[in-house]
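Engineer: I'd like to ask some things about the structure below.
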Amino acid sequence: MTQQETYIIALDQGTTSTRAILFDKEGAPRAVAQTAVDCTFPHPGWVEQDAGQLWETSLQVIRELLATEELTADRIAAIGISNQRETSIIWDKATGQPIYNAVVWQSRQTSGICEALKESGHELAIREKTGLLIDPYFSGTKVKWMLNEVEGAREKAAAGELLFGTVDSWLIWKLTGGAVHVTDYSNASRTLLYNIHELKWDEELLEWLDVPASMLPEVRSSSEVYGTTEASLFGGPIPLAGAAGDQQSALFGHGCFEKGEAKNTYGTGCFMLMNTGAEPIRSEHGLLTTIAWGIDGQVEYALEGSVFVAGSAVQWLRDSMELIETSEESERLAASVDSTEGVYVVPAFVGLGTPYWDSDVRGAAFGMTRGTKREHFVRATLESIAYQTKDVLDAMEQSAGIPLQSLCVDGGAIRNNLLMQFQSDLLEVPVERPVVSETTALGAAYLAGLAVGYWQGREEILEQRRLDSVFEPAMAPERVSELYAGWQKAVKAALVFR
Ligand SMILES: Nc1ncnc2c1ncn2[C@@H]1O[C@H](COP(=O)(O)OP(=O)(O)O)[C@@H](O)[C@H]1O
Ligand SMILES: O=P(O)(O)OC[C@H](O)CO
């Protein structure tokens, strides 16, 4: 009897969708099951999701994938998870019920807590220990907020009855039937509660943020078997063998294993990560120092620049402004004009991240004339994604002192050729788009596959790397400077409007 082929499933739980992707030994995606997830906006600047929906859609897409491909659980060598990071969930240990919605990474409801924390005198120490900044983006203040706001939560937490997790943790807990409460290094490093140098939940941080240690998951390697899925879920147990925050997972999926190699993911937001090796680099330019992954007792670090609104600006054009019907239409419209004719859109809908870190600034548009058309506005919105990325790259090159040779890209918005070309023009480096655009999921698959011996090592992963297109810079440097100066002026103006 010939042995049947086995696969790895990557479960990619993102802000806009939950996907399960089946990868084969060559690292090729063989099938995808996907479903959208909802965001609610209960107040201006707040973004929440139904934690139950994040779990149910995860279960649904894995089941769908197995069913459509007619696979039994024993054909899956392992599941790896990549997840939207920072989004925070607290649930009752006994009932498994979340005590509140998932507070999404983009949500700003903890800006008051952040202000108080900044005034507490601990700002420098927090930065030193976590590599992060005090901002509502990170989990710590979200946990504090939920414990404060949900009736009875503090008492229950003190009694050890509640558990906290980022989305990876929540899904692993649910997938193992409540048996395993863990997270990985990369996700822990986004919580504002974890000391990225000493590799432990930090007692002082927990005290400053009023978070009981009993709620926290155990921090484990990004590539190891955490447990198996509860047998009844998929008709048999499947090893859960890897997890990483989606941006770190994408860095791994691109094979950015060497110091100085960087990728940018164009999803809901944009996240550029540069591998900085075994030593963390402290940033002075609004970047974050974060854990890329921890494998076999060895932690590697990355520098990160975070842009909160990227692809979601295209969703805004479609769903709120109703200027386009589909995301693809943004490219066609933008390409129908030669330039924005001086229009700039600053999509600071939930504040601005790197390098500005201003949670109160809001979106703005500049430079409109009587001749401005929908096409210019759409193009300006697309271009804003590339400008924000240039802000990040400039900060990164200054911080790391390493000039970028080329940029690996992934995420939903990279299918927009106009955006990719404009990005290469602005950064003045080649932009490399891989054949497997699902690089985030691929990274999670690799992490899980390595843990169970499905793949042997990083060399094998690098051999699988294939490019779909390379966008070469083609704009005159003077034009780049002129356009970018306009963007910088627009951001400056947006920052003073309160
Ligand atoms: N052709 C396109 N042009 C620009 N943006 C696009 C295009 N197609 C998809 N997007 C954007 O990509 C995002 C989805 O990418 P994805 O990587 O799935 O996001 P996430 O992981 O954050 O859920 C959406 O915000 C969408 O607006
Ligand atoms: O859901 P995504 O893919 O936009 O990723 C969100 C990031 O992990 C937030 O830090």
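Cβ from N, Cα, C; glycine included.
Pasting the feature list from TrEMBL:
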BINDING   THR15, THR16, SER17, THR268, GLY311, GLN315, GLY412  ATP binding site
BINDING   THR15, ARG19, THR268, GLY311, GLY412, ASN416  ADP binding site
BINDING   THR15, ARG85, GLU86, TYR137, ASP246  sn-glycerol 3-phosphate binding site
BINDING   ARG85, GLU86, TYR137, ASP246, GLN247  glycerol binding site
DOMAIN    7-253  domain 'Carbohydrate kinase FGGY N-terminal'
DOMAIN    263-451  domain 'Carbohydrate kinase FGGY C-terminal'
Engineer: If one measures from the C-alpha of THR15 (ATP binding site) to the C-alpha of ARG85 (sn-glycerol 3-phosphate binding site), what distance in angstrom results, rounded to a whole number?
Structural biologist: 9
Engineer: Mind telling me which of the binding-site residues THR15, THR16, SER17, THR268 has the densest Cβ neighbourhood, counting other Cβ atoms within 10 Å?
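Structural biologist: The most densely surrounded of these binding-site residues is THR268.
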Engineer: Please list residues from the chain of ASN416 (ADP binding site) whose Cβ is under 8 angstroms from its Cβ, counting only those at least six apart in sequence.
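Structural biologist: Listed in sequence order, they are SER327, GLU328, SER330, GLU331, LEU382.
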Engineer: If you pair up every Cα among THR15, THR16, SER17, THR268, GLY311, GLN315, GLY412, the residues annotated as binding ATP, what's the maximum separation in angstrom, rounded to an integer?
Structural biologist: 13
Engineer: Just to verify: the residue among GLY311, GLY412 with the fewest other Cβ atoms within 10 Å, which of the binding-site residues is it?
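Structural biologist: Lowest Cβ count within 10 Å among the binding-site residues (GLY311, GLY412) is GLY412.
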Engineer: Please check the binding-site residues THR15, ARG19, GLU86, ASN416 against ligand 2 and give me the ones with CB under 6 A, sequence order.
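Structural biologist: Going through THR15, ARG19, GLU86, ASN416 in sequence order, those close to ligand 2 turn out to be THR15, GLU86.
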Engineer: Do me a favour and check the Cα-Cα span between THR268 (ATP binding site) and GLN247 (glycerol binding site); whole Å is fine.
Structural biologist: 12
Engineer: When the number of other CB atoms within 10 A of each residue's CB is tallied over all shown chains, which of the binding-site residues GLU86, ASP246 has the maximum?
Structural biologist: ASP246
Engineer: Around the glycerol site (ARG85, GLU86, TYR137, ASP246, GLN247), what further same-chain residues have their C-beta within 8 angstroms of the site's C-beta centre?
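Structural biologist: Counting only non-site residues, the set is GLN84, THR87, TRP105, ARG190, GLY245, PHE271, SER306.
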Engineer: Of THR16, SER17, ARG19, THR268, listed as binding-site residues, which ones have a Cβ less than 6 Å away from ligand 1?
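Structural biologist: Once distances to ligand 1 are taken from each Cβ, THR16, SER17, THR268 fall under 6 Å.
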Engineer: For ARG19 (ADP binding site), name the DSSP secondary structure in the helix/strand/coil scheme.
Structural biologist: strand
Engineer: For the binding-site residues listed here, ARG19, ARG85, which shows the highest count of neighbouring CB atoms within 10 A?
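Structural biologist: Max Cβ neighbours within 10 Å, all protein chains included: ARG85.
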Engineer: Beyond the listed site residues THR15, THR16, SER17, THR268, GLY311, GLN315, GLY412, identify every same-chain residue whose Cβ lies within 8 Å of the center of their Cβ atoms for the ATP site.
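Structural biologist: So the extra residues in range turn out to be GLY14, GLY267, SER312.
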Engineer: Can you grab the distance from ASP246 (sn-glycerol 3-phosphate binding site) over to ARG19 (ADP binding site)? Cα atoms, rounded to a whole Å.
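Structural biologist: Distance between the two Cα atoms comes out at 12 Å.
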Engineer: Looking at the binding-site residues ARG85, GLU86, TYR137, GLN247, GLY412, whose Cα is closest in space to that of ARG19 (ADP binding site)?
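Structural biologist: Answer for the nearest of the binding-site residues: GLY412.
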Engineer: Roughly how many Å lie between the Cα atoms of TYR137 (sn-glycerol 3-phosphate binding site) and GLY412 (ATP binding site), rounded to a whole value?
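Structural biologist: So the Cα of GLY412 (ATP binding site) lies 22 Å away from that of TYR137 (sn-glycerol 3-phosphate binding site).
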